[in-house]
Amino acid sequence: MGGSCTQTRPADRRQVLFLFLLPLFYPALCEQIRYSIPEELAKGSVVGNLARDLGLSVLDVSARKLRVSAEKLLFNVDAESGDLLVKDRIDREQICKERRCELQLEAVVENPLNIFHIIVIVEDINDHAPQFHKDEIFLEISESVSPGTGTILEPANDPDISMNSLSKYQLSPNEYFSLVVKDNPDGGRYPELVLKKALDRETQSVHHLVLTALDSGDPPQSGTAQIQVLVVDANDNPPVFSQDVYKVSLQEDVPPGTFVLRVSATDQDEGINAEITYSFLGVADTVRHVFSLDSATGNIITHQPLDYENVGRYAMVVEAKDRGSLSTRCKVIIEILDENDNSPEIIITSLSDQILEDSPPGMVVALFKTRDQDSKENGEVTCNLSRDIPFKIHSSSNNYYKLVTDGALDRERTPQYNVTITAIDRGKPPLSSSTTITLRITDVNDNAPVFHQASYVVHVAENNPPGASIVQVSARDPDLGPNGQVSYSIVASDLEPRAL
C-alpha cells in the first residue's frame, strides 16, 4: 500500500532516506526510515527531524510520547522539535563488525500505539592512520640470494574502509631493494621486499629502509616501519608448508588449552638454515589473544574461551621462516560451531497504559520482540502465552510481535491481567525464557444502576408534616468514578406534584 522514495538534504554531510508512512492508525511494524551520518559526530548533533519524517506535528511529539529504543541507545529525541539527536560517541570501528555499519532502533508513538523501524547508516571518516604491528622489522638476507627474490613483509592494518582504508605502500629510495604489493586469496594485500641488485656483505653488511603505508583519505594518513636488513651468508631454499590452506572446525564450548591443529613446513637446507620458526603474520591482537602459536612446533591451541556469537570464523596467516630469513606462508581457517548456549530474550518495546474494557478483538496492547544470539535452529524462536486469557500473539516480521485482544474484557470481573510471555528456541535441548507484564483494564460506563429491591411498599400515616421521611431507596453501580456515582429522581407518581 505504501511506496518508498529517497530525499537528500545537505547538512553536515548527512543524507536522509525515508519511506512514505502508512496511516498512523495502523501498526507500522514494516516501515523503515533511513538516515546517513558520518561517525564521530558531536553529542547533540541533529541526525534528522524524526517527527517530520513520521508525519507528526511538533505537538504530537509530546502528546504521542515519541521516543526511540535500541539495545545500545546512542540517540534520543528532542521533545520540543522532534529532532533525532546524537546522544553518545559513535565510533564505527568500535560498534560495527561489518564493513557496512547500520544501527537499528525503533521509534515508538502512542495513542494509537505504533512502532517504526529506524536505520542509521554510519559512514566512515578517515580517523585512523595505517599502522604496522611492529615499528621495526629485522631481516636477514643471504648475500647469495639472487635478484628478483622476494621477502614477505607483515602488512599494515587500517580499520577504516573504502577510500579511507589502506591503499598503497612505499619504500624509501635505495639501490638494492624494490617493493611489490601482492593480493591475498581473501582480498587483502601485503607488501613484499624484492631484491633488485646482488648483495655483498663485505661491501655493505646492513641496509636501513623505511616502509610507508598510506590510505586514500582526504587528507591521507600514513604509518611507517623501519626495516633493517642484515646481509648474511648462503641460504638458498625457503621453507615449504605441507598445505597452502589449513582448515578445521571447533565447537564453541571447548576449554582454553584445546589443541586446534599443527602447521608444518620443511626446508631443504641443512643445519641452522633448515631451522624453522612459525609466527602469525598480520594477525590482529584480538585474534592473538584467542589463539596461541608455538613458534617451534607450529601447534595452534586455544588461549581463551570461544564464542560463536562474537566471532564465527577466524582466518589467519602463518609465516614459516628459516634462520636465513627466507620465508613462506599459509592460511589457517578455523570455523566455530554454534552450541545452543543462549536463551531467547524477550524485549518489550511498548506497552499500552490504557486498555478500555470495550476494546474490540485485535486491539494492539503491547509490542515486543525476541532475540536469540545462537544461529540456525538454535536461534529460531517461537512465543506463547499463559492460558485462559483474552489475549493472543500476532507475529510480524524480523522477530517482532504484537499482543492483541482476543475476547471480551470486563473490568468489573477482572480489573487486571498478569500476562506471561514465553519464548522458546528450537535447539536440542531447547532453551526458553519468560517475562510477565501487567495489563490494567480501564473502566467504561457499561453498567446501569441497580436498585436493591425491584419495588418498595410503604405505609404512610395521613397528616404527616412536610419534610417527613417516609422511605429510603438504595441502588449501586459497579462502574468506577463518575460512571458509578448514582443520583435519584422521581420520574412518575400518582400523587399530586407537591405532595413529595
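Backbone N, Cα and C define each Cβ position, glycine as well.
Note that TrEMBL annotation is computational and uncurated.
Residues or ranges marked as domain 'Cadherin' by TrEMBL: 75-132 (among others).
According to TrEMBL, the feature domain 'Cadherin' maps to 133-241 (among others).
Per TrEMBL, domain 'Cadherin' is recorded for 242-346 (among others).
The domain 'Cadherin' (347-451): residue composition by secondary structure is 4 helix, 54 strand, 47 coil, according to DSSP. Feature annotation from TrEMBL assigns domain 'Cadherin' to 347-451 (among others).
Residues or ranges marked as domain 'Cadherin' by TrEMBL: 452-494 (among others). Here the domain 'Cadherin' (452-494) is broken down by DSSP into helix, strand and coil counts: 4 helix, 2 strand, 37 coil.
Residues annotated as signal peptide in TrEMBL: 1-30.
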Recorded stretch that, among 242-346, 347-451, 452-494, has the most CB pairs under 8 Å to the domain 'Cadherin' (75-132): 347-451
Per-residue pLDDT averaged over the domain 'Cadherin' (347-451), given as an integer: 90
Three-state composition of the domain 'Cadherin' (242-346), taking helix and strand from DSSP: 10 helix, 49 strand, 46 coil
